[in-house]
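The region 'Disordered' annotation in TrEMBL covers B:1-20. Residues or ranges marked as transmembrane segment in TrEMBL: B:26-50, B:86-112, B:124-151, B:171-197, B:262-283, B:289-316. According to TrEMBL, the feature domain 'ABC transmembrane type-1' maps to B:87-312.
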Amino acid sequence: MATALFKSSRRAKGLLWTAGAALCAGGTAVILLLIMGYVVVQGIGALSWSFITHLPHPIGIPDGGVANGIVGTLIIVGIAAVIAFPIGILLGIYVGVYGHRHTANAIRFCADVLASVPSITIGVFAYALLVAPFKHFSAMSASFAFAILMVPLIVRTTEGAIRMVPIEMREAAVALGATDFQAMARCTLIAARPGIVTGLLLALARVTGETAPLLFTAFGSQFWELNPNNPMAELSLQIFTYAISPYREWHEQAWGGALILILAVFVLSLAARLALRRQPSANA
Amino acid sequence: MSPSTDFAGAAGMTTPTRRHKKPDWLASKIFTVALYGSCVVFLLLIAGLVEELVRGSMLSLRTFGLGFLWSSEWNPVTSQFGALPFIYGTVVSSAVALLLAAFSGVLAGIYLAEFAPRRVATGLALLIELLAAVPSVVYGLWGLFVLAPFVTNWLGPLLQATLGFLPIFQGNIFGVNMLLAGLILALMIVPTIVVVTRDLILAMPMRYREASIALGATRWEAVSKVILPALRPGIFGACMLALGRALGETIATTMVIGNRPAISVSLFAPGYTMASVIANEFTEATTNIYLSALVELGLLLLVISVIVNGAGRLLLRLLQRSA
């Protein structure tokens, strides 16, 4: 029967290529599972109550943790969100509604350019602007760098979400006597909310996993630090330091930290997908 | 009350009373100011970014001129700085990544769009998109402790046994090397290529497929001889976007490339990238000229990334316009 299946060599060639394509798709997906599997298996051993509540300990002293890194991540990403959310959403509204104007085109172009700048270069900029003049590293400068990374993403997703809302909706509101602002705030923005929230969550996920700019902005710390004006520990930075250290004990902690980090990022990414599902007209 | 607000009431909207109206008027003003204000802040920010980087690299630009790009000496002690080893490492590791990711990514995209059953396609796409969300430090960790031993013990010897006549596969296999960096980068960029290829194919009108199959093409021929050629600029665009990400990637490459500023033909030798040298040496740069040379690398990285990403976006936009 197999000969019937491969009757024509063209068909055989097609089947072969299709199988190859399936292998590529499956293989790529399997790699994610492999990475996840390793992180879970290696990381679960390091996870413990003391790991998430203790400060880092010097080598040789057991029960060290990454508590200050977790708190540091929350503070740094939190401040970055406070800066980036309003600016990103406002720019997205501007570009989405007045998209035909020259200024809007300029903003869109700048957002594209900024989105393509490597994060390490953004770190250099944050260093030049907020670290060098004050002569000390600070969590603030890291938040600034993260905010710059987030804004272009938020602009593009907000613009997309607003464009998805039919223009008739705003026209109807205005026809009923609403001002421009009322139409925007009470109709268009409400309708576009799921898409906007998706963009915000994706931007959060993006910077939560980001490490490069932190090397010379937040710098890291061994201590509890809640003041954003001082150098601060951060989870992904701790993982980096531990991973390239020569100590087995620290390698284990790096896997533990990686497990926490990857879970946080995946939860944010999946939440972003769920948020989008609430937007009926969107499918992306 | 103006006639228009009367209509609003009649149409069942909440009747705007004075109490309602005034804050809205104020909010509307604030909103407008904030809207234009954020535009100004944003444009200033971009200008500031370019200005700071140019100003920071001025000293290095003046001292080394264009020679910075092709000098291969990087010596902080004698204050001689040349970027060639880093440019080489960046280009080679990204090229390896792109070669691997482009081939398998396009094929995977075709499978998801054309051949996979719907449930399978959704599941695979979810996993592949999550691959893009994995933090780069986790890629580095995994590359260092899982992929590195695999490359030194299995893949390296295998490549040397089969393709050892190629200079790129000769020499000692180091624990961390450019091939490893290329592999990790390939994993990081492949989701972009898969997702864009899939979306491009799905956006193709059904009639092309139907027409070619009606003319006797097999399903694979319909894809490879009709759909893919039409999408070529878009797929190139996706590859450019992916390349842009690989060129600027820092943490993962820093962890697995070996960080040795030497130019070697063998992929099994350690290398160094522009982003990695900034990451490793920026806080240790003790002299002004050292710091300036590193900032210039950052500026160079910015220029390259903006060009590559811009080309990618342009290609994708051209395709959208012609479709």
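Placed from the backbone N, Cα and C atoms, the Cβ positions cover glycine too.
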Positions whose Cβ lies under 8 angstroms from the transmembrane segment (B:289-316), at least six residues beyond its ends: 53-54, 56-61, 63-64, 68, 76, 79, 81, 83, 86-87, 196, 233-234, 236-241, 243-244, 247-248, 274-275, 277-278, 281-282
Outside the transmembrane segment (B:262-283), six or more residues from its ends: residues with CB under 8 Å to it: 72, 74, 76, 83-90, 92-93, 96, 156, 167-174, 176-179, 181-182, 247-251, 253-254, 290-291, 294, 297-298, 300-301
Positions whose Cβ lies under 8 angstroms from the transmembrane segment (B:171-197), at least six residues beyond its ends: 89, 92-98, 100-102, 104-106, 108-110, 112-113, 125, 128-129, 131-132, 134, 136, 139-140, 143-144, 147-148, 151-152, 155-157, 160, 231, 234-235, 237-239, 241-243, 245-246, 249, 252-253, 255-258, 264, 266-271, 273, 316
